[in-house]
Amino acid sequence: MKTLLLTLVVVTIVCLDLGYTLKCNKLVPLFYKTCPAGKNLCYKIFMVATPKVPVKRGCIDVCPKSSLLVKYVCCNTDRCN
């Protein structure tokens, strides 16, 4: 009986995925990092002059506004940047 109860608890924890955190790509998309609590967006920064080449990627709490020189792209799913 104890084994069955323990099994149910483990299955519940795995299914609920307690403590889920966002994963965002680093500058090289092959590598990623797990975002700390409160950082619930992934971001990617481009220079407007070279829009195909990202300058920086990571985790952020609020998406900054783009400017004339820098464009920010933010998203909220795993490795979306």
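Every residue gets a Cβ built from N, Cα and C, even glycine.
Some features that Swiss-Prot has for this protein:
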type     : residues : note
DISULFID : C24-C42  : disulfide bond
DISULFID : C35-C59  : disulfide bond
DISULFID : C63-C74  : disulfide bond
DISULFID : C75-C80  : disulfide bond
SIGNAL   : 1-21     : signal peptide
Packing count at C24 (disulfide bond) (other Cβ atoms within 10 Å of its Cβ): 25
C35, C59, C63, C80 screened against C24 (disulfide bond), Cα within 10 Å - retained disulfide-bonded residues: C35, C59, C80
Spatial neighbours of C35 (disulfide bond), counting only the disulfide-bonded residues C42, C74, C80 and Cα distances within 10 Å: C42
Rounded Cα separation (Å) that holds between C42 (disulfide bond) and C63 (disulfide bond): 9
Those disulfide-bonded residues listed as C35, C42, C80, and which of them has the most Cβ atoms within 10 Å of its own Cβ: C42
Disulfide-bonded residues near C80 (disulfide bond), in sequence order, restricted to C59, C63, C74 and a 10 Å Cα cut-off: C74
Other CB atoms, at most 10 A from the CB of C74 (disulfide bond): 14
Between C75 (disulfide bond) and C59 (disulfide bond), the C-alpha gap once rounded to whole angstrom: 10
Pairwise CA distance, C74 (disulfide bond) versus C59 (disulfide bond), rounded so that it is a whole Å: 9
Distant-in-sequence Cβ neighbours of C63 (disulfide bond), under 8 Å, six or more positions away: L41, Y43, Y72, C74
Cβ neighbours within the same chain of C59 (disulfide bond) - under 8 Å, at least six residues apart: L22, C24, K33, C35, P36, K39, L41, C42, Y43
